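These notes are about the structure you will find just below.
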Amino acid sequence: MKKLYQLSLVMLLAFTVILAGCGNNNNNSGNAGGKNAGAATNAPAEATAAPTDAPKTDVKVGMVTDVGGVNDKSFNQSAWEALQALEKETGIEIKYLQSKSNADYEPNLNQFVKGGYNLTWGIGFDLGDAIKKVATENPNANLAIIDSVVDAPNVESVTFSENEGSFLVGVVAGLTTKTNKVGFIGGMESPVIKRFEVGFKAGVLAVNPKATVKITYAGAYDKPDIGKSLAATLYNDGNDIIFPAAGATGNGVFNEAKSRNKAGGSKVWVIGVDKDQSLEFGDDVTLTSMIKRVDEAVKKVSQQVVDGTFKGGTTTVLGLKDNGVGLPETSKANVSADILAKVDEYTKQIIDGTIKVPAE
Amino acid sequence: MSKLRKIFATDSYIVPLVAIVMGFLVGAIVMLVGGYDPIAAYSALFKRVFGSPYDFGEAIREMTPLMFTGLAVAFAFRSGMFNIGADGQVLIGMTAASVVGIKFAGALPNFVLVPLAVIIAGVCGGLWAGIAGYLKAKRGINEVITTIMLNWVALFLSNYIVRSFLLLQGQNRSEDIPASLSMTFLNSVFDNARLHWGTAIALAAAVFFYVYLWKTKQGYEMRAVGLNPHAAEYAGMNVGRNVIKAMFISGVFAGLAGAGEVLGVFHYQSVFAASPGYGFDGIAVALLGLTHPLGVILAAILYGTLTYGSAGMSFGADVPPELIRIVIGSIIFFIAAQGIVRWVLKPFYFKRKKEKVL
């Protein structure tokens with residue numbers, strides 16, 4: 001028995017040494033990959049872009065995700081990708097922290113604020129209270145938040161007119177549906193998601209009064225399994241287009257649609273949200289996407305910090321006319337030219353105020 | 001000297017300690033495989049927890065609910081039951097504290113309101129767990145199943161209550177709760193970390209746990225029922241009543257955790273997308289602490305340190321925070337599979353025996 005033990009100890013040591021060797025190799029070849037662990041999509045690109053040719057600045061920008069996490073293929077990810085792009089352009093230092101629960105928001109924000117970061121982003125409506133508290137306790141820190149309005153002199157708030165963009169995808173859905181039934185899956189009931197819901201419904205009914213819009217809520221932004229089962233119910237019910245506005249929960253909707261289209265039967269569609277999700281999930285299921293330019297907003301405000309023009313205390317509302325929401329170019333793949341013309345028509349009417357899209 | 005040796009020779013102290021060390025080693029190996037530097041990662045982890053007063057205070061905040069739920073699970077365990085529903089009981093405690101804290105805010109002075117909210121939270125958590133205890137005692141339904149089901153009922157019931165009666169207009173949370181358990185006098189020391197009296201209540205609960213189970217007749221009965229309900233019944237103890245009572249007390253602990261969270265940490269209650277998970281972490285804490293109150297407190301401190309420090313790991317050493325779950329998982333694995341730890345320790349035992357012979 002003793003011998004066996006000694007043998008196993010030697011083996012363990014040898015194993016550790018070998019592994020340590022592997023570890024070092026990895027480190028040498030992929031420094032940048034390790035640095036931005038988690039942001040898988042852009043890691044290889046990062047490795048090639050040597051930081052030497054980027055202009056040097058010592059600005060540090062931190063970002064705290066909501067519980068959806070940085071790889072939600074939705075707005076946390078767009079925000080992070082925007083920061084990565086800015087890192088390449090200006091050489092700023094960036095870092096993110098993921099929140100496991102809403103108790104983490106405050107310590108995560110504080111980690112950046114107390115770590116001397118020049119700007120700290122809170123991504124998502126849920127971080128509003130935490131941002132407010134941290135901003136009040138640290139009046140010299142700069143903070144910014146997406147999707148919520150925080151009334152503090154050192155916080156920049158960015159919100160979007162999701163109802164306008166959702167109206168447009170509603171128009172597409174209303175004109176594309178064959179069954180005259182479309183579905184909507186919200187994350188959790190909140191003013192933000194309500195704007196998606198109301199805008200979408202108004203858009204569908206504006207072009208297709210016969211259609212019905214079935215509204216459901218998943219109750220979570222991070223549960224693809226719930227998204228998948230809700231999508232199955234909606235598709236079984238005869239809805240042929242679903243618009244999920246539910247963060248990572250929506251990934252389950254794509255998954256369900258994909259397996260249905262693969263199995264044959266009647267064609268079903270998903271409308272992407274926040275990002276151009278056809279790039280992520282493919283043109284075979286993504287009809288179009290309601291893009292919310294979180295990336296543009298994050299980039300713009302972060303750039304202000306780099307340039308030293310950050311003011312804070314203001315609220316920016318980005319709508320159709322600011323190009324803050326809208327449809328991606330890739331929509332042409334699945335949406336006919338007639339429908340896109342109709343979308344353009346509505347876009348003009350919304351911008352010049354002929355049509356007022358309800359928000360709640 | 002012999003006493004000292006006795007302490008260190010007892011498995012109950014050594015096994016968890018060795019399991020913890022082995023857990024860290026497994027974590028280190030995984031980090032090496034992933035190409036991370038484990039030493040940098042672990043030092044970032046501990047630096048995050050002990051590096052600044054703010055973080056230390058927040059780490060204590062992280063430990064507090066784990067102490068409560070760990071005690072809750074351990075208490076039920078000592079009485080022969082597996083309370084998987086601590087999560088639901090926490091939620092019920094939260095909701096009860098919020099309702100009392102908001103609805104009676106005007107009518108009662110603060111020094112009455114806060115204790116009242118805490119007590120009602122505990123009682124409601126206890127009654128919620130008592131449902132499972134009653135069903136077990138009177139109908140023989142396995143408490144594992146009922147408590148899991150009650151978790152969901154608790155989640156949706158508390159969301160319903162918050163949404164319909166306490167909602168702050170246009171938000172996903174309740175109104176602010178005027179009743180507060182925060183230790184505001186420590187704000188300057190701990191840099192506004194969210195410390196609250198719940199921590200003190202948790203320590204008191206651990207003392208109560210020990211005294212009640214090991215120093216009172218009722219506690220003796222409960223342990224007897226836990227060890228062998230048939231023998232206990234034969235000895236003339238009322239098994240059903242003990243089951244209900246044990247579940248009630250277990251639920252009280254969990255309910256108090258909820259009160260601490262809403263009255264001490266958040267000062268409002270959010271509409272939860274999923275249950276906060278304190279109850280499930282509590283199971284791990286109870287196992288890690290070998291279901292002894294002192295062990296549970298120590299285990300909660302370790303668990304809280306690791307959980308809170310994991311963000312520091314990703315911040316300071318770029319190691320994904322999920323890795324800490326591997327460490328925690330391995331520690332629990334080694335504690336559950338004690339044979340592995342004993343096997344590793346065997347040569348050391350041999351040595352000691354030889355010394356004795358000499």
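Cβ atoms here come from the backbone N, Cα and C positions, even for glycine.
Annotated in TrEMBL:
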type: TRANSMEM; residues: B:12-36; note: transmembrane segment
type: TRANSMEM; residues: B:56-77; note: transmembrane segment
type: TRANSMEM; residues: B:89-106; note: transmembrane segment
type: TRANSMEM; residues: B:112-132; note: transmembrane segment
type: TRANSMEM; residues: B:144-162; note: transmembrane segment
type: TRANSMEM; residues: B:195-213; note: transmembrane segment
type: TRANSMEM; residues: B:283-303; note: transmembrane segment
type: TRANSMEM; residues: B:323-345; note: transmembrane segment
Which stretch, B:12-36, B:56-77, B:144-162, B:195-213, B:323-345, tops the Cβ pairs under 8 Å count with the transmembrane segment (B:89-106)?
-> B:144-162
So, do the transmembrane segment (B:283-303) and the transmembrane segment (B:56-77) meet, by the test of 3 or more Cβ pairs under 8 Å (sequence gap 6 or more)?
-> yes
Quick one: do the transmembrane segment (B:56-77) and the transmembrane segment (B:323-345) have at least 3 Cβ pairs under 8 Å, skipping pairs fewer than 6 apart in sequence?
-> no
Counting only pairs 6 or more apart in sequence, are there at least 3 Cβ pairs under 8 Å between the transmembrane segment (B:12-36) and the transmembrane segment (B:195-213)?
-> no
